[in-house]
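Enquirer: Feature list, courtesy of Swiss-Prot:
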type: ACT_SITE; residues: Lys130; note: active site, N6-AMP-lysine intermediate
type: BINDING; residues: Asp50, Ala51, Glu52, Tyr53, Asp54, Ser99, Leu100, Glu128, Arg151, Glu188, Lys304, Lys328; note: NAD(+) binding site
type: BINDING; residues: Cys422, Cys425, Cys440, Cys446; note: Zn(2+) binding site
type: DOMAIN; residues: 604-694; note: domain 'BRCT'
type: REGION; residues: 1-20; note: region 'Disordered'
Amino acid sequence: MSATAGTADESGVASAAASADERARAASLARELDEHAYRYYVLDSPTISDAEYDRLMAELAALEERHPDLRTPDSPTQKVAGSYSTLFTPVEHLERMLSLENVFDDDEFHQWAARVARESEVDAWLCELKIDGLAVDLVYEDGYLVRAATRGDGRTGEDITPNIRTLASVPVRLRGPRVPGLLEVRGEVFFPTAKFAELNAGLVAVGGKPFANPRNAAAGSLRQKDPRVTATRPLEMIVHGLGAQRGFEVTSQSAAYARFAELGLPVATHFEVLATVPGVLDYVHRWGDARHDVVHEIDGVVVKVDSFALQRRLGSTSKSPRWAVAYKYPPEEVTTKLRDIRVNVGRTGRVTPFGELEPVLVAGSTVGLATLHNIDEVGRKGVLIGDTVVLRKAGDVIPEIVGPVVDLREGSERAFVMPTRCPECGTELVRPEGEVDIRCPNTVSCPAQLRESIFHFASRGAMDIDGLGYETATALLEAGRVRDIGDIFHLTPESFEGLRGFAQKKIDQILRGVEAARHRPLWRLLVGLSIRHVGPTAARALARELRSLEAIAATSAEDLAAVEGVGPKIAGAVLDWFADERHRDILARIAAGGARLADVGAEEGPRPLDGVTVVITGTLTDWSRDSAKEAVEARGGKVTGSVSRKTTAVVVGADPGASKYDKARSLRIPMLDEAGFAVLLAQGVDAASKLAVPADGPEKAETPVE
């Protein structure tokens, strides 16, 4: 899933204030985009197509362009989409992994290339196929693979080293006599399309659930707890980017690829270095016609400035490099019959219409469902039940219906009528003012909302309860063993008596997961409560600042809104949630079940690093990156992945990242070695500042990030 970033208004011309409708639409778009990003990156279960996601993102970016006051630091247009789960250990990348800006036609590409040319003349563009796979970061030290991680949120991903080691295309040891001391590379893991149907047939034969498409097959195969399962899957990888490095001296992207190949790393065979924009567009269109002639799925072409010096000059925004762009191909389209239109009820009560289709093969997978988003979208597209419809899909789970083929209507088609009552519980549906969505307001007993909320509470992005998935949530609810998320921490072996499909091994797995969840940090509980607008970023900010649910509930709206990363909208939603008596009852049952409602040390008063922002770069001897981050956060501080004027101190270990080191020097931010870091943790900023490392030393070359 990709996102088109908005740009700041630099014209100096005052913008008209946004209307109430525009503000409501922007807020609605932000909520919807955050939800879809969470489903795509964390759950591996998207519910809209890439094209629809891009359309929503473009609409929000356009609103923010017209009214810059709508653009907030936590807007989806300002973030690298993605998150990381806790199924695997979180690890921080040495250099941040950014997402790419998208263009969708020749005119947009010309505009992007013209912006680049205003900075400097470009005499070489590197073009390569955009693989529709899973982004992965590899770290080699002295030639040996020491870590592999998913992209995650761009700063932190999941450690998948044992699984990556099973890929035949990924060398565990680099070749040649001149291996770099440190080399961080980025690439894409993919499932060859020719092997995809074979895998699904095997899964179905043993009663398993088939993957929807090759990208999901790659993600699911790579996220196996048992590397032996990953080893049975024919995964491959292509390396296409450079992160942190020491002893890897090249001056261009193409030279880096040549050096990668010398070291035994898998590189693309179809990239070309071209001198002109017309040459680039010829490459784009040539491969658009031949997109099915390669071993993996592609959804576009990535165009990069080849020169590393010019890449450094162009720099990056908060989410994407200015020196690279993804030219996205239009999604593939087929026609099929729309058999029916039904609705689905989500965890927040949102009622979403979807189409049931005659199964059809498109973009490498067979689909029988397509989202219609909301009742306004059904009307706008003009589709009738029984229509032959145009279906658009670009490697996604649920594609979108573009519209009807009116000429093929026979007269038997009929209009869809949105139900006035919830199909799950019978409650009258409502449409909140300023929203496009219709909702079921019955949060107490609507089976669909209860199922979805339990599934979300237990998901990897929230409380991460191993074994408590959708089917388990459904079984427990239908049998009356739980009422809602408040009963999860009261599950016992007896809760599963008489339920089909729950062997003792499965029950033990779930109960171990519940026990582990009792000790999760506060921010995960906040995410799991399904408070509207509260995602991982806001939850971390609230937990860091206030440290307990009791303190959060007792804080005024004004003070909550003042917390960095929160704001008035989230503050209002939080207090509305706590004001609901049913929610207070749920929290009481969660607490009675032994779960923590506060972070460790919350009752001990001010912490030594309250208000302190730390950046860690390089390798520490006595701390892993995760333990160092936890140590700072436990004392009230915040660890970020990039250096800015808000940074209090930079902790410098062995082999620090060049860009962080140089940025800290240029901003004269105190740099601490490992001894200074220990003092920072024990005694605070004032004591540690006396041990700051002098801001001098040899110049370090900045490495490009992707």
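Cβ atoms are placed via backbone N, Cα and C, with glycine included.
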Enquirer: Within a 10 Å radius of its Cβ, which of these binding-site residues (Cys422, Cys425) has the fewest neighbouring Cβ atoms?
Expert: Cys425
Enquirer: Let me know how many other Cβ atoms fall within 10 Å of the Cβ of Lys130 (active site, N6-AMP-lysine intermediate).
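Expert: That number is 22.
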Enquirer: What does the structure give for the C-alpha distance between Cys440 (Zn(2+) binding site) and Lys304 (NAD(+) binding site)? Integer Å is fine.
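Expert: Each residue's Cα considered, Cys440 (Zn(2+) binding site) and Lys304 (NAD(+) binding site) end up 47 Å apart.
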Enquirer: Quick check for the class: what is the C-alpha distance, in angstrom and rounded, between Leu100 (NAD(+) binding site) and Lys130 (active site, N6-AMP-lysine intermediate)?
Expert: 11
Enquirer: If I take the Cα of Cys425 (Zn(2+) binding site) as reference, which of the recorded positions Glu52, Lys130, Arg151, Lys304 has the closest Cα?
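Expert: Nearest listed residue in space: Glu52.
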Enquirer: Sequence gap of 6 or more, Cβ distance under 8 Å: name the residues on the same chain that satisfy this around Lys304 (NAD(+) binding site), in order along the sequence.
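Expert: Set apart from Lys304 (NAD(+) binding site) by at least 6 residues yet with Cβ under 8 Å, we have Trp125, Leu126, Cys127, Glu128, Gln253, Gln311, Trp323, Ala324.
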Enquirer: Please identify, among the recorded positions Glu52, Asp54, Lys130, the one with the smallest Cα-Cα distance to Cys422 (Zn(2+) binding site).
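Expert: Nearest in space to Cys422 (Zn(2+) binding site), counting only the recorded positions, is Glu52.
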Enquirer: Take every residue in the domain 'BRCT' (604-694), average their pLDDT values, and give the whole-number result.
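Expert: Across the domain 'BRCT' (604-694), the average pLDDT comes out at 82.
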Enquirer: Around the Zn(2+) site (Cys422, Cys425, Cys440, Cys446), what further same-chain residues have their C-beta within 8 angstroms of the site's C-beta centre?
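Expert: So the additional residues around the site are Val345, Gly349, Pro423, Glu424, Gly426, Thr427, Leu429, Pro441, Asn442, Ser445, Pro447, Ala448, Gln449.
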